[in-house]
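Encoded as structure tokens, the structure appears first; notes follow it.
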Amino acid sequence: MKNIRNFSIIAHIDHGKSTLSDRLIQTCGGLSDREMEAQVLDSMDLERERGITIKAQSVTLNYKAKNGETYQLNFIDTPGHVDFSYEVSRSLAACEGALLVVDAGQGVEAQTLANCYTAIEMNLEVVPILNKIDLPAADPERVAEEIEDIVGIDAMEAVRCSAKTGVGIEDVLEEIVAKIPAPKGDPNAPLQALIIDSWFDNYLGVVSLVRVKNGVLRKGDKIKVMSTGQTYNVDRLGIFTPKQVDKNELECGEVGWVVCAIKDILGAPVGDTLTSQHNPASSVLPGFKKVKPQVYAGLFPVSSDDYEAFRDALGKLSLNDASLFYEPETSTALGFGFRCGFLGLLHMEIIQERLEREYDLDLITTAPTVVYEVELTNGDVIYVDSPSKLPPLNNISEIREPIAECNMLVPQEYLGNVITLCVEKRGVQTNMVYHGNQIALTYEIPMGEVVLDFFDRLKSTSRGYASLDYSFKRFQAADMVRVDIMINGERVDALALIVHKDNAPYRGRELVEKMKELIPRQQFDIAIQAAIGNHIIARSTVKQLRKNVLAKCYGGDVSRKKKLLQKQKEGKKRMKQLGNVEVPQEAFLAILHVGKDSK
């Protein structure tokens, strides 16, 4: 056990985590050169296309160190994007150490900081590593100072390497063996194993990734899931070298996968503890805090026949992604669907894309909203995650919106642009610290403004150099109103949105104009209105198409023409009473893009 090392790799987006993992696997001979491909651990097609890591993956490698001993390295590659920080905290719960990878050209960024603090809070040994030293822009000395200054860990001795060219990879491995402590645990104690991740395999059922903290997990054991008390038989277990390799037992301190023929998706929740049935452990391992979704949106299948398939797909996906929340919802415009909770917009996009690809569904998404705390006139407090659930205005005493604390690292030359953006998003500055050329800014910005398009706008105003990390701070009273969109006098529930009163006329007008372009013309006028309660704040009309009924009248009497026009008018009137308007899919997506192009 003294030769086991469990560690994660944490870093900002694009600082080279996945490439470093590739090199470690290659150096330790986990895969032959023929099987090696770039980003070997990013197994989803989506991860490869976007070039980001979404799911944490684990690998077990054997490394023969310079002192002649062979060490077993279990490492977990983690995502860097702010929406997936829960994946990082799950991976860290299974480790004793973490490699903090920093790009020697870019330096420290917000995510580097956030993930590093998570690791330090969990009492892990953090080993700094400067990557990409082969770049002409690399300045390892400056970056090492930056790490000491901003993060506050000793980085003068940090290993300098280049994952792309393979320089310094041996030093990284030696550093892991020297600096990261061996796992603590008692092989003779009752079994305790932490479930780090689970996913659904069509042949094996539920596969769980576990870290054995105490005791030994053997094939054929009867095990018990501590939170549900259900017992299962261990059918197969083993490790990833990235390939799935079967073993007969997982020893204390090891990380591996387990299959116990669990058919039920909720059978082995992530963060739970496995123990043996005959000699159960007395206490549960401390898991990790459940993450609260920050953004809610309605997802509806385009054809209602897909509802069952959609429900199954969500179940399977939520097993693999513990932070996805969903509950059934009905909408008068869109039929049956689900209200889903996500960690951010990227998370929402990825879930939607995974549902469409992996499960072959066609979905409509409604506009994302955040959760509001609403105090009613009778003193009750309710939480509203969808505009259609907001009670009538005269029953509400106040609405409180969620405020996010945003930590940004910005180069000096873009400071002005970023501050302007934050003010426009109703932000309040709480702190500002200079670190050399970088400035650490702290703002409190309403969550509703952050989740919509703040990240994209921040990147574009700073040419991609500013970085962001945000977390929920508190609820704060604000003047929020619900804007309803009415088409021909009928409210379309899926298009409603909750906005700040000052922005309402402007958002309403923009949305109405956008809808006008998207709704196809009919034989009669279509009125599109935005309203707060009964007060109309914006209107626009999609003009009717009309046939020239006088074409056949060459000369003729004026009364004849009047008669024909009158007849047409009556027909249109009758049509307008009976006609209903089809709202195309693009119109629902229009809400997302309001305010983006106009600025």
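Every residue gets a Cβ built from N, Cα and C, even glycine.
The GTP binding site annotation in Swiss-Prot covers Asp14, His15, Gly16, Lys17, Ser18, Thr19, Asn131, Lys132, Ile133, Asp134. In the three-state DSSP scheme, Ser18 (GTP binding site) falls into the helix class.
The domain 'tr-type G' feature in Swiss-Prot is assigned to 2-184.
Note on the binding-site residues Ser18, Asn131: the fewest other CB atoms within 10 A surround the CB of Ser18. Spread of the GTP binding residues is 17 Å (greatest Cα-Cα distance among Asp14, His15, Gly16, Lys17, Ser18, Thr19, Asn131, Lys132, Ile133, Asp134). All protein chains considered, the CB of Ile133 (GTP binding site) has 21 other CB atoms within 10 Å.
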